[in-house]
């Protein structure tokens, strides 16, 4: 779809959506996004120019259907997939991608660390995906030196970043905010550093006693991103991995640096979103969102959960969806899903489904609470279908139509029950929605009440 759009921009030194937006140009991607969001194209352009919205759209991902991430638009959901050395491979990851898109993922991150040729896996995912694809390039950089952190060089990392940009990756998690002087701040944490990318860079800094190479070479990364329109997803390497560590000095120190890096990228018209925690008690979620907006000048906030309790192993998609709904309400622009397997293992296809649906619920609830245009239309349509006992319409309107139909049909599978004025919960005699309050009956009641003596 985008081949012709992109062809007209080739040869320019800076092809980012932010660059065009700041020149007053409404690109085809902005116009497409405006129609998807039911928002004016000029609003999309101004939000992208301001840095409050991004359109992750690598010029080499031509089969992409453009979307946006920002507070002016619907709250988005990301699904993580990716092969590991001990589980999964290309076929399984393509199946997860298909499921993620089916159940509403707005973007997908390929976090593969093994399971085959990483370039082959990533290229296949990009070619098969109509949604933006994100990566964490430090993973492949480490794999390129066979897991030996000490041998990793800045040149190795930059080479991988450029290669992934050429392949069509739309946004990359760059953990440039974890500085060597921040490492002692984790001393009193219960769970230390829980970011994989952060852990890799921390080990590198401890081994070499040198500053984070992603920080010292940040301008080099900017130059790569300008050429392909790759968006920064500034990684929170020092995010809290448990409630005890939430909102601590290490997290806040890194956040301040992420704000500085955001402004540096903006100086070159490169798009940025900022990643956030993690594990946060409910009473600290609003503070975390407000603090990010303050430090990062309202760059879109992309949060992992956050989980609101640490004891829900096997059910962390529920624990985190609670936090995600609150974060979305307070202003987070995208929610990274958590599956039931979080902290326990690599998610399978069913875990992807359960995690995504939990997060689609959270994002939709946030959209309703923020009064986004048309956010509640589907809910009202569902309510009408329920009141009219239109079971097939209820299934269609559900976030997971197959699951809704499956649960209904467990006890009432025959077609005749698709028009029945009851379900198996109340049965035919006790459903309160059978009590229809028609206008004539209510008018008659009002006339009767009007005749009654007042107390």
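Every residue, even glycine, has its Cβ placed from backbone N, Cα and C.
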Given that Swiss-Prot assigns 80, 139, 175, 195, 196, 197, 236, 237, 238, 239, 275, 302 to the substrate site, pick the one from 30, 53, 109, 252 that the record assigns to that site as well.
109
Neighbouring C-beta atoms (10 Å sphere around the C-beta of residue 302 (substrate binding site))
28
The most crowded of the binding-site residues 237, 423, 426, 431, judged by neighbouring Cβ atoms within 10 Å of its own Cβ, is 237
Maximum Cα-Cα separation (Å), residues 80, 109, 139, 175, 195, 196, 197, 236, 237, 238, 239, 275, 302 listed as binding substrate:
20
Between residue 343 (Zn(2+) binding site) and residue 239 (substrate binding site), the C-alpha gap once rounded to whole angstrom:
15
Does anything in the same chain, at least 6 positions from residue 139 (substrate binding site), have a Cβ under 8 Å from its Cβ, and if so what?
111, 112, 113, 118, 196, 197, 200
Among all the protein chains here, how many other CB atoms are within 10 A of the CB of residue 343 (Zn(2+) binding site)?
13
Check the Cα-Cα distances from residue 426 ([4Fe-4S] cluster binding site) to the binding-site residues 239, 279, 302 and tell me which is shortest.
279
